[in-house]
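Each remark here refers to the structure printed beneath this line.
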Amino acid sequence: MSDPFGELELNYKDHCLILVGDGGAADERLARRRLAAGGRLAHFLVTEEQVKHAGAEDEIIFTWQPLHKATTSSLGRKLGPSMKTYWTKSGPDCIALAPGQCLEIFTQNGEMRLVRLVNELTGHVLMELSGLVLLHVTPEEAETVDVEVEDPELRACGTFSKRYVLISLLVLCLWHLLRWVVSMKFELVASEGQWDWWRGVLVIVSGFFCAPGLWHGWAASLSGEADCGWTHKLVSLLVISLVAMLAARAQVADFPLYGISTIASFLSGPLLQYYQTRWSHPSRHLFDCLLWTLAQLVGTIGLAAVLSVIVVLYRTLLEPEMFANVFLPVSTAVVEGGMVSFTQMMYTTLVVKRRPAVPGDVSFVAMPYMLTCLHGFAEAARIVGVFSGAVTGGEYTWLGSLGVGLLLNVLARCGWTRLGLYMVLKQLLPLRWALVFAPGAYGKLHDEIKIYAGYFRFPVVISLVIARAIVHQDLSLDGPKSFCFNASAALSLLCMLLMEILEDQIVLRQLVPMSPVLQEFVDSEVQKEGHGRHGSLLSLDLRRTTSLSPWRLEELDEKGFKSSANSPRGTSPRGMEGSPTQPSAHSAQSTNDPSGSGPTVTCLSLPGEAPRTPEKCSPEAPSPQLLPVLPGSEPAPPPPPLARAASTDSGVKRPILRMPSEPAPSQSGHLPGLFAVTPSSESSQRPARAVRSATLTVPSRQISKQSVGSKRSVGSKQSVGSILSHSQSEAPDSPRLVPSLGQRRDSLGSRIRSSLGQPRAITPSLLLHGLREMPLWCQLSAIGIISEATLGFLNTTMGPGYLRGIINEPCPEFDALVSLWWPCPLQC
């Protein structure tokens, strides 16, 4: 069925680059180029017989249903780490097809745009992905194919990796051990009136661990550059060194010194870089970039200040015990959850809505850093609160706080906290207000970072214990010079580490099942428009369906799988239009009938496509073939040849698969977006709603002056929301946005979710897929920042002199002056 509004051209390159081949040098080279550009990548390691072509007419269809579980192929292991959790997927999708599996490739408008992994023995569809599909790339194509992601919001987010986190933790443990030892040695012999220069030097050296990640985030946020230049880094280092030494001369405490140095570093190198690159980004606006960068400072330095107050309040509220045990975990959890919403609001308001005035790749380091600081600072406050309480009290009241914290963290990471709040509030408030507590992609990305960020608080405390043992050489479990202060403090530190490991295992192994996604959540995700779609939890498909239910259970067979009509033993999904044995296709395969009665027509279809009768796919109609791909061979009829066609106005060409009967796709300009759509002149008269996940490009020769719904200039992004709504109202069989759904699983957690209203697995948002591994120095900087916050909390609550063994008793009560000023020698 042709589109009622004219020819529509969908652009898939930004969404995902799908490579099909043998995993050789050309595949690896192209894959690395794509990952370096920040795009999502899928690679299928196949044999010649496992690839089949299934052509189609020009149809609007877009689907995103990755494989639930897969073993990474040999190429994937070369490209870097990959990890799959319930909600997130880091690294590229690199899959080696197993025996009995085949990969079906579909074309749309003359290009390979859809792959479907099928179990040939059962006919079950294992995965479906839309994107730019490249088959058996050559070395020349590996170097010339355009891999850039033009829409910055479609670049994958940054995340941590186990290998770099372990290295960073080890490096920082060694550094803080050296730092504690040096600080103790100098503070023990310090005299009154002496210039405490060592304090400034230690802060400067710590800056080498913390600053690189901040520079990277500021370069992207403020200047739109990939990284801060060496000139700007040197300027920032000089400013940090000058400020640190002057502050040490004025006996400023470490905690405010961190904040002063951070602000000074921001005001020097990054602003200088903005000025020197002002001609490179003509659309960049200083005010917009500055707002987003300041939001990062508020979300980090401001959060640290709030949490330090919570730690101090916890120490003063140790009596009564029950209230203190609940106060610390609950207060930190509330602040952390509120700051996640703050981060999403700031990113959407100050970045997404202001593009291209904020041009940088801020989703790689800057935005993940904010989420990391939220959890890292909160965990630092918890460990300092519990540890300081155990040190000063010597009792075991902290056990209740650890138990409450474990329970709250597990429920929050599994989604039950938000679900419970929603169920209560929808009884008290209008539904739209209760949906504020519906889960979102930012919350799940925050949960992904928790897998690593919970351990960032330990290097400072563990190195403190070891340094006290080295300097004071007191290995007893009690006394002012004891390496661990007392037995309660030593046990609390060990229990917190074990609790962190236990929490991660409960969540990752789903010993507590994930909460269900209710139908109200699904409906609200589909109805979101414009920038409101950014940060959505679910991925959406653009496909034909006659189902009135968002769960579309009629697509599944008795075992809970979708079936492939194109597989040798596949059957049509029960409940689809037409009988289970009726062919359904937009294209046909013709074969010679041995009886001489004429050709036999086998109809092929795209997933979710409306069925057609055999008369509509007659042998006279031009149609593609369903044949194995045998490079170098000449089957009869031959498979569709690889061709080269212009893909963008920039003149960069990419390989496409053009069916023998298909006309060449029209060449038209496009701008970045998940869908770059070129409507006809008739469609430009229709009003457009802003739908973030489906943007369209209107060439100047086709735009109408009477176009409704956008005040932007010709060639800017507009939405296809109204086009889809018109097509649904005027043609029920037209494609529409529906939630992307997986199979019906039979695990215990799936049965629990099904009983609560989620009968099928859902596909998480693109924001949660293909997460990029941040560089080693960025991960080291993130852990260094959390370590500095932990150190600041310790000094504020217990006193720098007591921590270093200079004073035999902790401060009897909190002294605000200790947080701002450290005399020489230390007095508390």
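Including glycine, each Cβ sits where the backbone N, Cα and C put it.
Keep in mind the model is a prediction, meaning the values are calculated, not measured.
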Among ranges 197-218, 417-438, 483-504, whichever one TrEMBL labels transmembrane segment: 197-218
Which listed span TrEMBL calls transmembrane segment, if the choices are 255-275, 444-464, 801-821: 255-275
Selection from 197-218, 230-249, 255-275, the stretch that has most Cβ pairs under 8 A to the transmembrane segment (164-182): 197-218
Candidates 197-218, 230-249, 255-275, 326-352; stretch with most C-beta pairs under 8 Å toward the transmembrane segment (287-314): 326-352
